[in-house]
Structure formats: C-alpha cells, structure tokens
Amino acid sequence: MNLVFLWAALGGALGSSLRYFVGKMMPSKFLMFESFPLGTFSVNLIGCFVIGLMGHLAAKKVFGDDFGIFFVTGVLGGFTTFSSYGLDTLKLLQKSQYIEAISYVLGTNILGLIGVAIGWFLAKNFV
C-alpha cells in the first residue's frame, strides 16, 4: 500500500476528530445571534489561518511531501475544506487571475448554497 494514502487517512481522522471537538466546545449563542454555527465558523477561520501558514512553508520546502500530505491534505482536509478554498483563492489572486478568483468565490458560495438547498429539498420530499 502506498504510504501517501495512509498519511492522508491518519491526518483526516485527526482533523475530523479535532473539528468535532471544537464544534462541541463552542456555545450556540454568539454576539447578538441566538443560534449561530460558531463551531463551524471557528473551524473554517482557524483552518484558513493554518493553511496560509502551511501553504507558505510548503512553498519554501520547510517540510517534506509526506508531512504536507499528512497535515495539509489530511488534518486540514478533515478539519475543514474551507481552508483549501481560501488557499486556492489566494493563489489565483497572487497570479493576478482576478476574474477566475471572483468566479471561484461567487460560484462556490452560490452554487454550494444551491446544492445544499436541492439536497435538502430532495431529502425532505423523497426520503
């Protein structure tokens, strides 16, 4: 078996466990909101910050590929995929691909929300 898959799987298990833990530790009341997904919100922001650090370190070859697979793909992938979304957007902006970046941001948010709504509708009405 290729160890790359093992590293990604182990990191994913750790990241998913961390996401669950952070979600359980956060209150549901936040600022003026009676019910706010603070756990998910926090995980996404933490993941974006950490992938920014790791993305730069990876570009500078501070750590090896196996650790990158374990931590970036595995841990952060299990913790939040929003962090990858943030990194992909930043890379487009750094390459001055502004139309692509705007399309990616708007498309991901709008089509993602539509996908959630369609899935919800189908599950509600047909399952």
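Cβ coordinates are placed from backbone N, Cα and C, and glycine is handled just like the others.
Note that the structure is a prediction, hence the values are computed from the model and not measured.
According to Swiss-Prot, the protein carries these features:
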| type | residues | note |
| --- | --- | --- |
| TRANSMEM | 3-23 | transmembrane segment |
| TRANSMEM | 38-58 | transmembrane segment |
| TRANSMEM | 67-87 | transmembrane segment |
| BINDING | Gly77, Thr80 | Na(+) binding site |
| TRANSMEM | 102-122 | transmembrane segment |
Sort out the residues at least 6 away from either end of the transmembrane segment (102-122), same chain, that have Cβ-Cβ distances under 8 Å to it, and list them. 85, 88-89, 92
Densest Cβ neighbourhood among Gly77, Thr80 (binding-site residues), 10 Å radius: Thr80
